[in-house]
Structure formats: C-alpha cells, structure tokens
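Student: Heads up, here are the entries from TrEMBL:
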- 71-287: domain 'TLC' (DOMAIN)
- 322-348: region 'Disordered' (REGION)
- 36-53: transmembrane segment (TRANSMEM)
- 82-105: transmembrane segment (TRANSMEM)
- 125-145: transmembrane segment (TRANSMEM)
- 157-183: transmembrane segment (TRANSMEM)
- 203-220: transmembrane segment (TRANSMEM)
- 254-276: transmembrane segment (TRANSMEM)
Amino acid sequence: MGEPELYPLLHYGTGAAANKGDGPGPRQYGKGPWDVALVAFYTIVLAFTREFISQEILRPLALHYGLKSRGKQARFMEQTYTVLYCLLLGPAGLYVMSRTPVWYFDTRGMYEAFPHKTHEACFKFYYLFQAAYWLHQALVMLLGLEKRRKDFRELVAHHIVTVALIALSYRFHFTYMGIAVYTTHDISDMFLAGSKALNYIDSPMVGPFYGVFVCAWIYLRHYLNLRIIASLFTEFRSVGPYELDWEAEQYKCLLSNVITFVLLAALQALNLFWLYCVLRNGYKFVVYKSRKDDRSEESEGEEVERYGGDVKESLVHFDALPHGNEGNMIKTAGKVNGAPSPRKRDVQ
C-alpha cells in the first residue's frame, strides 16, 4: 500500500527522500495550507468516531457494569474513550519518535539540523492527526458539550496553551520537540483515564492502578518535560544554528526561545497543579479510604441508586483531573418510598 492510500489527504510530498545510511530513506513531506484542511477533516472524523464508539460500544459496557444513571455512563464513556485513543496514539507516538533523532526523548535531537521543514509521511500524519484530536477536545469544552468542573478555568488555559504549542511548533519547525510533548501527555492520560474508569466500576484494581498512574504522571509530565524545558537553557543556543532568517525559515532564535519557554512553563505549572490534586486524592485514599475530590462538581440526583427498598451509598469518583466532570463523595440514607432528600456529609 502506498503512502497516499495509507495516509489520506497528505499533501506536499517533496519527491525526494532523506538519505539514511547507504541508501535513500523514506519520502519526505513539507508543509502548506492544505494541512489545515486535513486537521479540519479529521476533527470531524474524530467527532463522529467518538460518538459511534461511545453509543455502540461503551454505553453497553457501562450498563454491563451496572452504571444506571446517564451521568455516570457519560463520564465512564468519556474516560474509556480516552483510554482507547491513548492506547493507540501513545505507542504510535513512540514508534514515530523512534524514527527521528529525538529517540528516546533525546533533547539534543530537537535542535540538530534545524529547521526541520520536512518529515516522513507517518510523522506528518501523526502530528496533524493529534492536532485534530486536541482541536476536537477544545471544541467539546468551548461548546459546553460536557458539564463544567470547578477547575474549568485551568482546563481552558490548558487547551489554549496546548493548541498554541501545536500550531506554533508545526509552523516554525519545532515538531521534534512537539512529538516528545505529545507522547508524554498521551501515555500519562491513558493511566489517568484508566484509573477513573476502574474507579467508576468499583474495580479492586483501582488502588494499584492509581499508584502506577501517579508514577507514570510524575515521570512523563514532570521529569521528561522538565528535561525539555532545561534544554531551552542548555542546548537551544549551542546545538544547531541560532539566528532569525525568515527567507531560510530559520526560527531558532531568542524570540522563539522565550515563547517556547513561556508556553512549556505554563503547561508545566498546570500539570503541577493537577499533580497536587493527584497526590491529595492518593493521600485521602490511603489514609481515609476516601475517593473524594473537593474541586469537582457533584450531582446528587444522578448518583443516588436505589436497590430494593434502601438507598445504596453512592460514590462519585475522582474525576476532577484533566479528564472528567464529577468528584465529591456523597452518602445517602432513607427509603425509596417516602424517603427524605439525600443528605450530604463529609466522609473522613
């Protein structure tokens, strides 16, 4: 199967291949206005794909695990869809990275032979497909298709920074840095969403999985990303050319250095905010056996489930991290017929 069939709507093939070893390497692809059309097309594709998978696969799965309220079903579907997406795109990102000088998060490769104006078909398609995914996520949030959380402002800031990083890194040829950031966030998102999905179905694996998630989050979103930020001070100027030349599309200069640092530092600050929430939730879970998250909204009506004549204690799980909507624990008591309204109280 040729590249045009394998990667639909991919434009700007150069007709030349990069030399690798003793022979020519894969065909290279440049950048141009039609790349915007590709992103727009796959944004629509992802919207329909998400809806189809959610309704035809994930909703029956939610019912199978006894999630009866539509609110809980929606949140379970959201997290499980994220797991599925990241299970595909996380390894894909590692594969694409392995074909570049950036493997394995080699920051020096981000700056050598700059500017990186052309890429293999798989690299370009992966980068733009990810851009479509994040654009779709931003539209879902801005259009209010998911219930707002208490950290809505942080989420808005996160999406603004993410979309800006994607657009600027692609336009100004910092895509090797971009793929490293993509990959660290995809894999950590997989563990985050997975821990929430397991929590919704009251899986006994939620505790161990949460521990793995915390380790993955710290390593991927903080250790590796802080290494990238550090490289802006240690390698950005010294490795590869360092000058502003618009005709040669050479943008590795003081201005791009400052802009890149500001955006990555803002992203890191948001991730540190969520790390605090992650560790706080973990502490409450270990010490108090509580799954409460004070930052989330709660919806009593959706979470009260009645079995026989008694109202069963209901938990709303730790959703208030970068994916999800609800998070506070509520406890109810009473009878179905003639029962008083459920009462909220803190559980320590």
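All positions are counted from 1 along the displayed chain.
Using N, Cα and C of the backbone, Cβ positions are placed for all residues, glycine too.
Just so you know, TrEMBL annotations are computer predictions that nobody has curated.
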Student: Other than its close neighbours in sequence, what residues sit by the transmembrane segment (82-105), given a CB gap under 8 Å and a spacing of at least six beyond its ends?
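Tutor: Residues packing against the transmembrane segment (82-105) from afar: 53, 112-113, 120, 122-123, 126, 129-130, 133, 176-177, 179-180, 182-183, 186-187, 189-190, 192-194, 197, 224, 227-228, 323.
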Student: Counting only pairs at least 6 apart in sequence, do the transmembrane segment (254-276) and the transmembrane segment (125-145) share 3+ Cβ pairs under 8 Å?
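Tutor: Taking Cβ pairs at least 6 residues apart, the transmembrane segment (125-145) and the transmembrane segment (254-276) are not in contact, as fewer than 3 fall under 8 Å.
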Student: Under 8 Å between C-beta atoms and at least six residues away from its ends: which parts of the chain pack against the transmembrane segment (203-220)?
Tutor: 184-185, 187-188, 191-192, 194-195, 275, 278-279, 282, 285
Student: The transmembrane segment (157-183): which same-chain residues, six or more beyond its ends, come within Cβ distance under 8 Å?
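Tutor: Sequence-distant neighbours of the transmembrane segment (157-183): 31, 35, 90, 93-94, 96-97, 100-102, 105, 107, 109-110, 114-117, 119, 123, 126-128, 130-131, 134-135, 137-138, 141, 224-225, 228, 249, 251, 256, 259-260, 263-264, 266-267, 270, 322.
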Student: Looking only at residues six or more beyond either end of the transmembrane segment (36-53), which have a C-beta under 8 A from one in the stretch?
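Tutor: Distant contacts of the transmembrane segment (36-53): 9-11, 81, 84, 128-129, 131-133, 135-136, 139.
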